[in-house]
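Copied from TrEMBL, the annotated features are:
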ACT_SITE  GLU255  active site, proton donor
ACT_SITE  GLU452  active site, proton acceptor
BINDING   ASP123, HIS163, ASP171, LYS367, HIS372, THR414, ASN453, ALA454, ARG485  substrate binding site
Amino acid sequence: MTLTLRSTNSFLKGLRSFKASEEFPNLVCIARIRPSYRVRAISSLQAEHFTPEKMVLEGRCSDKWEKLHELTGHLHTNDSKVPVFVMLPLDTISTGGSLNKPRAMNASLMALKTAGVEGVMVDAWWGLVEKDGPMKYNWDGYVELVQMVQRHGLKLQVVMSFHQCGGNVGDSCSIPLPPWVLEEIDNNPDLVYTDKSGRRNPEYISLGCDSLPVLKGRTPIQVYSDYMRSFREKFKDYLGKVIVEIQVGMGPCGELRYPSYPESNGTWRFPGIGEFQCYDKYMKASLQAAAEAFGQQEWGRNGPHDSGQYHQYPEDTGFFRREGTWKTPYGQFFLEWYSAKLIEHGESILGAAHGIFKDTGAKLSGKVAGIHWHYKTRSHAAELTAGYYNTRDRNGYLPIARMFAKYEVVLNFTCMEMKDGEQPDHANCSPEGLVQQVKLATQTAGADLAGENALERYDTSAFGQVLATSKSQTGSGLSAFTYLRMNKRLFEGDNWRHLVEFVKSMSEGGQNERHSAKDLSRTGLYVGFLKEKSIQKNEQALV
């Protein structure tokens, strides 16, 4: 996503005017904010829900309860502060390996610092850093960014992005896997995830070959580990100080999941159930071995034949319908194998990351997708195809949370801004119920939980929902929240004001619902692209 900060009519209306220099004609202005309404933290559980007599986090519950994971009660006020980070554009580092638009980035970081954010997040793309050949790393652009972030007194979250950029929601640029990796894929297409129609997905290396030396003599896990070690050595003086968190990518979009709902070329569209991704030769060999060990050799010949197609709904299929194949012994065997392979993949990468970064002072985190469509159905079909064995009868997030806790990894979860009432009825969504289930799972497992918004939102309703979900009945809320994403729209008048109000509310544990009319937090500011000789004079104009 290219960041271009330009003054707009909505942004400049009623604000001070500043004369732009000839060298920097596009001036960014962020003026004194006098909000006229509140960012309200509305409980995500106001809707009527069923109340189980006993909350069961694992295993089966009585058929009396149609919806195992829908919870009841009201969130209590939590005094703990939640630091807010902001995601930087996807193309913060150019294809040549340098920092994109450094002057615009400098101005943006200045604005974010004055707004009270804790820091920013950036993707460290595998396809950029190691593109020149195996173990030939170029971190130059990231060094420049880290130093700029440090100068502004901000913190940095860095994502080890081992996936392709392009083809999913919000992807505004294209960054494929390293060329030498793509060569290996050309020679052996089974290195990437494959669906039952034989469609290959180049977003991420299939976890079926995690332990095989298929990448120029190294296994994928070895390649990811070498990459992380290179990062650690390059930035050892910043880890734990400026770089406070390493988010470890474990799948498409950096999330621990299968690429079951790819949007590229219209393969999938919301709210389709998606498809299982277990048809490369390595995954098929694993399934066959698991079936033989289970004593049911015929179950390992292929994936489910009745699981439908990407665009379909659960009731259109034999596998996912109300009393479908997913409930049979075969269905349970397959889903347990499919989800266990995903957790095993997470264990391999997070175990390696824990060993590499354990003494650096930086936190580790990993991302789990918020697949909220068809959540209200019995089978939770969209979650199943993504690898989350979460159904009416089974909690699929508790094993994941326990794996994260084992390696002291923060579980980062999406869709924190969504409300059930905003979703179309036919999609059977419940983002609120899903978020509450994941919160309970992390609390039970002893893992920290952090959050993100799934879609770009600038409205008070979305921010208010995040405020509500950032708290907990037990007093332990989110450890951090990362806002998606910094772009030119964020700095427009109302959008910027809403962000500043939100950051302040999160920093005060949700106690502050609006800024005072006098703006005592001094969040009003202007940021310009300034000539060096004018910096001191212009800084005096900050209010």
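Quick reminder: no glycine exception, Cβ is built from N, Cα and C everywhere.
Within the same chain, the residues at least 6 positions away from ASN453 (substrate binding site) whose Cβ sits under 8 Å from its Cβ are THR414, CYS415, MET416, GLU417, ALA462, VAL466, TYR483, LEU484, listed in sequence order.
It is 17 Å from the Cα atom of ARG485 (substrate binding site) to that of GLU255 (active site, proton donor). In this structure, the C-alpha atom of GLU452 (active site, proton acceptor) lies 12 angstrom from that of the residue listed as 'active site, proton donor'.
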